[in-house]
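Trainee: Before we start, here is the structure in question, set down as structure tokens.
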Amino acid sequence: MAILPIVEVPDPRLKTVSEPVGGVDDDLRAFMDDMLETMYDAPGIGLAAIQVGRPIRVLVIDLQELPEGETDEDKRIREPLYFVNPEILEVSEEVTTYNEGCLSVPEQYAEVDRPSWIMARWLDYDGNQHEEKIDGFLATVLQHEMDHLEGILFIDHLSKLKRDMVLKKLKKMRKMAA
Ligand SMILES: [Zn+2]
């Protein structure tokens with residue numbers, strides 16, 4: 001496995017519309033393993049293939065939730081999820097707001113409204129097809145990651161004023177780190 005470099009704004013590759021893959025084979029599984037390792041290392045809870053420079057419709061997600069009542073960060077549960085060629089079939093009218101971040105927009109956060117649940121279809125790590133209703137935090141994360149497949153970032157859901165503020169803060173942060 002390998003940790004891959006993460007593509008960050010304003011890299012134009014992030015605006016790419018990714019292509020569906022033909023199916024799940026060992027090469028793709030090896031790539032998904034690398035994506036997962038890259039995501040854990042970052043650390044993050046979701047990663048789309050384009051964020052490591054490959055314009056294919058593949059995502060990995062692991063919410064790494066703490067068990068109920070647990071406060072020890074080391075006790076987070078790893079439960080990796082793989083989404084190949086995911087599609088949204090239906091969305092709720094009801095909307096949920098989360099303070100979102102993104103490994104391609106480092107250390108910047110903003111509130112984004114998204115449908116509270118979605119009906120989604122995708123292939124998993126073994127190439128098996130799923131069609132399930134997804135709600136809660138996973139629904140938000142999956143929609144955020146699926147946006148990447150269309151070349152959309154969470155900051156694209158903000159007003160131009162708010163988006164410019166986030167990008168300005170990021171520029172300032174990078175300057176200070178340089
Ligand atoms: Zn993202």
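Heads up, the Cβ atoms here are built off N, Cα and C, so glycines get one too.
Predicted automatically and left uncurated, TrEMBL annotations should be read as such.
Pulled these from TrEMBL:
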type     : residues               : note
BINDING  : CYS102, HIS144, HIS148 : Fe cation binding site
ACT_SITE : GLU145                 : active site
Trainee: Do you know offhand how many angstrom separate CYS102 (Fe cation binding site) and the residue listed as 'active site' by C-alpha?
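Mentor: Pair distance, Cα basis, whole Å: 9 Å.
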Trainee: Other than CYS102, HIS144, HIS148, which residues of the chain come within 8 Å of the Fe cation site, judged by Cβ distance to the Cβ centroid of those residues?
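Mentor: Leaving out the recorded residues gives GLY46, ALA48, GLN51, GLU100, SER104, GLU145, ASP147, LEU153, PHE154.
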Trainee: Quick one: give me the count of other CB atoms within 10 A of the CB of CYS102 (Fe cation binding site).
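Mentor: Taking all protein chains shown, CYS102 (Fe cation binding site) has 26 Cβ neighbours within 10 Å.
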Trainee: Cβ distance under 8 Å to HIS148 (Fe cation binding site), same chain, sequence separation 6 or more: which residues?
Mentor: LEU14, SER18, ALA48, ILE50, GLN51, LEU59, SER104
Trainee: With every protein chain in view, what's the tally of Cβ atoms within 10 Å of the Cβ of GLU145 (active site), excluding that atom itself?
Mentor: 22
